[in-house]
Amino acid sequence: MDQLKIGLHQDKQLETIPHAQQQLVGDGSLDIHGQPSNKATSGRWKAAYVLMATELLERTAYYGIALNLVTYLVTVLHQGTGESISIVYNWSGTAWILPLLGGFLADAYWGRYWTITVSAVIYLMGLLLLTLSVTLHSLRPPPCPALVNCEPASTTQVSIFYFALYVIAVGVGGIKPCLSALGGDQFNEDDDDERPMKRSFFNYWWLSIAGGGLVSLTMLVYVEDHVGFGWGYGIPTVGFGIAILIFFSGTPRYRHKRPSGSPLTQVAQVLVAAVRNYNVVVPSGGASEQLYEVYEKGNRNLAHTNTLRFLDKAATPTQSTSEVAAEVDDDADGKKQLPENHADPEAAVADFSPQPAIKTTSVNPWRLCSMTQVEEVKLLVRVLPVWFATLMFLVVVAQLSTLFLRQGISMDLSMGPHFKIPPASLELFGTFTVLAAIPLYDKCLVPLVRGFTGNERGFTMLQRMGVGLFLSIFVMVAAALVETKRLKAVDDNGLQDLPGVTVPITVFWLAPQYSLLGLAQVFAYIGQLEFFYDQAPDNMQSLGTALFETNTGVAQFLTTALVRAVVSASSRNGHQGWIVDNINRCRIDRFYWLLAAMSAANLLLFIVVAKWYTYKNTNKQVFAESLAAAA
């Protein structure tokens with residue numbers, strides 16, 4: 001926690017500086033009124049703490065629903081096990097895919113703050129409706145403790161419950177890509193003091209996520225199992241209302257990034273311009289000096305890369321586009337264009353100061369794009385293979401709330417003579433691992449590895465993700481071995497057709513697979529979050545975060561398809577499928593071995609993708625209105 005203490009100490013030091021000497025942030029950040037953010041009174045850890053508290057309560061609400069959802073569907077709505085698992089996958093998959101829409105709206109039109117605000121209201125409405133649906137007797141079928149020949153839920157009851165779930169999914173879709181991205185915005189990447197804070201931020205951000213999981217896995221799951229789902233869902237609903245108030249309390253301190261218009265349009269412009277300039281020869285040596293570029297206040301320019309050279313055609317001037325007439329205009333919007341034949345781009349960088357801006361006449365963005373715009377499209381193209389190669393890890397994580405849970409329910413949940421662990425609380429094994437591992441990673445492992453690699457992060461982002469993918473193989477190996485032991489106990493005690501009878505094997509046998517998965521998440525999950533935020537173009541970082549969230553959603557749907565395919569393939573020719581309603585007749589050990597093999601193959605794919613990847617390289621000179629004003 002030393003980094004956090006240092007950050008707070010520096011915040012206090014800055015606030016003692018006389019007003020006339022206070023510096024502006026200098027990365028284009030704005031306050032809620034659209035004015036350049038003041039470094040002393042905005043952002044940094046104080047703003048990040050408010051957002052982390054909001055995230056903790058939001059995750060408490062989400063996990064309070066998701067972790068025990070299979071149990072509610074089976075025991076209250078009387079759905080089948082297989083059907084319930086599919087419902088959970090489909091709902092959570094939707095909740096994790098909708099961030100693409102939320103991220104798009106934030107980057108293009110609304111900004112992160114207002115996207116969070118609108119989404120939070122929708123989220124709260126969904127929570128209220130869900131709480132009503134589990135509380136009112138008319139909205140759920142009669143109790144059926146034996147779970148045999150139960151009266152099914154009516155169409156109306158099921159419809160209201162599902163509608164509430166999907167309203168919540170819409171709220172999640174707006175909040176998830178923006179809250180962590182807004183947190184990252186509170187630290188200036190080009191500030192020597194704030195850059196180390198930003199490196200630690202994503203680690204400690206995950207503590208708030210794990211903290212929300214901890215509250216859900218202990219208090220809420222216990223309340224749902226022993227008091228009722230009405231209280232179990234009502235408490236996080238109130239908590240989320242408090243989260244909204246906490247979020248608004250930080251408004252004066254937040255740093256904001258201005259929406260930059262539709263990223264889809266920017267991508268389309270590069271593709272169209274590249275196709276139109278198909279016959280143009282891209283300069284070879286020193287290409288960046290001959291490509292068209294735009295320097296804009298508050299934006300970082302990207303360095304040229306030699307990958308995907310076809311797209312460079314979009315920034316290569318032709319006879320018609322190179323006739324760019326520059327004129328001095330005191331009312332220009334602060335843009336400075338660099339002609340293609342400028343001999344020294346760095347001279348143009350150094351030359352920028354508070355003076356009349358230079359602008360150009362009628363450059364058609366569908367025929368000629370800036371080099372930075374082209375590099376932004378290259379970034380998006382390069383991160384997609386990484387996104388694809390991390391899907392398998394999320395398939396492994398998806399087993400937490402479904403098959404791992406069903407395993408645990410059948411085992412001896414006793415912890416001492418008078419207490420039984422709530423089944424959904426089994427994830428505590430992994431949560432405690434995460435809570436312990438994150439500070440150790442940030443304070444011990446990173447400095448140690450940094451001494452060998454020279455990288456200020458210790459591991460590169462892709463190396464960190466690779467370690468997590470490697471660990472996920474052993475997660476599934478451990479799960480398969482434990483399931484083999486559980487099935488042996490089933491056979492030894494003749495419990496094959498008695499799924500309601502506790503299998504005489506302690507649930508603590510599941511601790512290794514949960515703990516290993518928690519450790520894998522510290523590497524892969526946090527690495528992915530930082531990677532997709534950091535490597536996205538500066539004006540598309542909500543979308544970059546959304547790619548990370550969407551990875552989880554696609555993995556949920558992929559898992560559903562995989563389970564169905566496995567059931568179909570394994571039940572051919574009259575054979576019993578690997579996954580059936582009777583957990584004691586399932587062969588999920590074989591399914592786990594399949595996932596282990598797929599994870600190993602996926603790790604090889606990830607290594608190939610990682611070797612091919614070129615990291616984002618920004619121009620360190622930032623053209624910021626705040627710096628110009630302070631000069």
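Using N, Cα and C of the backbone, Cβ positions are placed for all residues, glycine too.
In TrEMBL, the annotation transmembrane segment applies to 159-183, one of the ranges 159-183, 259-283.
According to TrEMBL, the feature transmembrane segment maps to residues 229-248, out of the candidate ranges 229-248, 509-528. Each of 113-139, 159-183, 204-223, 591-613 was scored by its Cβ pairs under 8 Å to the transmembrane segment (87-106), and the highest score goes to 159-183. Contact between the transmembrane segment (159-183) and the transmembrane segment (229-248) is not supported, since fewer than 3 Cβ pairs fall under 8 Å when only residues 6 or more apart in sequence are counted.
Under the criterion of 3 or more C-beta pairs below 8 Å, with sequence separation of 6 or more, the transmembrane segment (229-248) and the transmembrane segment (61-81) qualify as touching. Counting Cβ pairs closer than 8 Å to the transmembrane segment (113-139), the top stretch among 61-81, 204-223, 379-401, 591-613 is 61-81. Here the transmembrane segment (61-81) has Cβ contacts under 8 Å with residues 87-88, 91-92, 95, 123, 127, 130, 134, 140-141, 143-144, 147, 150-153, 157-158, 161, 165, 168, 172, 212-213, 215-217, 220-221, 224-225, 229, 232-233, 235-237, 239-240, 243, 401-402, 405-406, 409, 423-424, 427, 581, 583 of the same chain, all six or more residues outside its ends. Residues 382, 385-386, 388-393, 395-396, 399, 403, 462-463, 465-466, 469-470, 472-473, 476-477, 479-480, 483, 563, 566, 578-579 of the same chain, all 6+ positions outside the transmembrane segment (591-613), place their C-beta atoms under 8 angstroms from a C-beta of that stretch.
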